[in-house]
Amino acid sequence: MARSINLAVIPGDGIGPEVVAQGLKVLEAVLPADVKVESTSYDLGAKRWHETGETLTDAELERLRGHDAILLGAVGDPTVPSGVLERGLLLKLRFAFEHYVNLRPSRLFPNTASPLAGDPEIDFVVVREGTEGPYVGNGGTMRIGTPAEVATEVSLNTAYGVERVVRDAFERASARPARKLTLVHKNNVLVHAGHLWTRTVERVGREYPDVATDYLHVDAATIFLVTDPGRFDVIVTDNLFGDIITDLAAAITGGIGLAASGNINPTGEFPSMFEPVHGSAPDIAGTGKADPTATVLSVALLLRHLGLEAEAARIEEAVTADLAERDATARSTDAIGDALAARVAG
Ligand SMILES: NC(=O)c1ccc[n+]([C@@H]2O[C@H](COP(=O)([O-])OP(=O)(O)OC[C@H]3O[C@@H](n4cnc5c(N)ncnc54)[C@H](O)[C@@H]3O)[C@@H](O)[C@H]2O)c1
Ligand SMILES: CC(C)[C@H](C(=O)O)[C@@H](O)C(=O)O
Ligand SMILES: [Mg+2]
């Protein structure tokens, strides 16, 4: 049946536009003739902020709400005070559209180099809470700039917010062959939030007797991600711990240029948003060195979310094949995009 995807595209800053162009190229190439994509590009990010002082207006948020999904490159620029775009654009979207499942799969593709010794089997998914925790902006500064300055950044954890993401993680774990869920937190120190998370996992877990659960403090989790990554299947964790461990997860599975993510609103009330895990990489912007694979894999997550499973799988197969043939010869952003587009089309 013919259908069309009403896609919002936010290329953003730095390497964002470079990698998004490749993601769109592969998207166009993979779709069958009866599925059309109608893209609307939103010119948001550093340039816009310099010109107007705006990051994301309420009117734009309303327009974005009408799309089936959002593809985002990256935001953040050295000429803009740190946090302005990250909070005013990226987090505003995640919060407004209730992207409470920040889905970050980590797989070591065959023949892809990991800095870990041996040839570890790595195939886990991090379900990172996306709307609460220390990210909510619940803090402030007193006596700013003085020796007596005090700054707070209070983590917010609600029973409602924790339960909905924990339930999603259990659902994902029960659908995977290993059926294992690891809660990562720091409940030996952050006892208030940590115990809410622990009790919630225990309680919801009773409804999933076929899923084995365990618990790791986040510091110990960083050890095992390096020494024994094969022990992980589904990890559920709070917003900040999830941010940190998913950069580490990327590093052990071939690098940040391969790590994809989806900011999912599971109820479907709002559009979900797909983006590489990496940032705007100002150090390599404009050089053609950015690897667009993370964005292309994020397009696969987007297609799967929209029910186009066969097309999502074709992209992942193309990436697997491309990675298997990669050698030390560096290819440009564009060349990798062309190669992946050719594979999915052919
Ligand atoms: N989702 C997002 O939009 C997002 C995510 C992370 C950081 N940021 C922002 O991006 C800016 C830069 O942050 P950072 O330097 O901490 O993180 P970063 O992910 O942009 O870069 C970290 C390192 O990884 C490299 N790298 C990143 N993506 C790559 C790719 N596709 N191919 C090859 N190498 C790649 C960079 O060159 C850099 O050396 C900051 O403003 C930050 O706030 C945005
Ligand atoms: C830029 C920043 C707000 C963001 C986060 O911390 O979630 C980024 O690091 C990420 O991992 O997507
Ligand atoms: Mg991050």
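Using N, Cα and C of the backbone, Cβ positions are placed for all residues, glycine too.
Quantities reported herein were computed from a predicted structural model and do not represent experimental measurements.
The C-beta environment of Arg104 (substrate binding site), restricted to residues of the same chain at least 6 apart in sequence and closer than 8 Å, consists of Val125, Val126, Arg128, Gly242, Thr246, Ala249, Ala259, Ala260, Ser261, Val277. According to TrEMBL, the feature substrate binding site maps to Arg94, Arg104, Arg128, Asp219.
Sequence-distant contacts of Asp247 (Mg(2+) binding site), defined by Cβ-Cβ distance under 8 angstroms and a gap of at least six in the same chain, are Ile256, Ala259, Val277. When secondary structure is read from DSSP and collapsed to three states, Asp247 (Mg(2+) binding site) falls in the helix class. According to TrEMBL, the feature Mg(2+) binding site maps to Asp219, Asp243, Asp247.
Annotation comment: TrEMBL describes Gly279, Ser280, Ala281, Pro282, Asp283, Ile284, Ala285, Gly286, Thr287, Gly288, Lys289, Ala290, Asp291 as NAD(+) binding site. Note on Thr287 (NAD(+) binding site): other Cβ atoms within 10 Å of its Cβ, all shown chains, come to 12.
The domain 'Isopropylmalate dehydrogenase-like' annotation in TrEMBL covers 6-340.
TrEMBL lists Tyr135 (among others) with the feature site 'Important for catalysis'. Long-range C-beta contacts of Tyr135 (site 'Important for catalysis'), restricted to its own chain and to partners at least six residues apart, with a cutoff below 8 Å, comprise Leu91, Asn239, Leu240.
Annotated site 'Important for catalysis' per TrEMBL: Lys186 (among others), in sequence order. Listed in sequence order, the residues of the same chain lying 6 or more apart from Lys186 (site 'Important for catalysis') and placing their CB within less than 8 Å of its CB are Gly194, His217, Val218, Asp219, Phe241. Classification of Lys186 (site 'Important for catalysis') by DSSP places it in coil, neither helical nor stranded.
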In three-state DSSP terms, the structure that Gly279 (NAD(+) binding site) belongs to: coil
Contacting recorded positions, sequence order - Arg94, Arg104, Tyr135, Asp219, Asp243, Ala285 vs ligand 2, Cβ under 6 Å: Asp243
Listed in sequence order, residues with CB under 8 A of Asp243 (Mg(2+) binding site) and six or more positions away: Arg128
Sorted by sequence, non-Asp219, Asp243, Asp247 residues with Cβ within 8 Å of centre, Mg(2+): Val218, Thr222, Leu240, Phe241, Gly242, Ile244, Ile245, Thr246, Leu248
For Ala281 (NAD(+) binding site), the number of other Cβ atoms found within 10 Å of its own Cβ: 22
Distance-selected binding-site residues near ligand 3 (C-beta under 6 Å), from Gly279, Ala281, Asp291: none
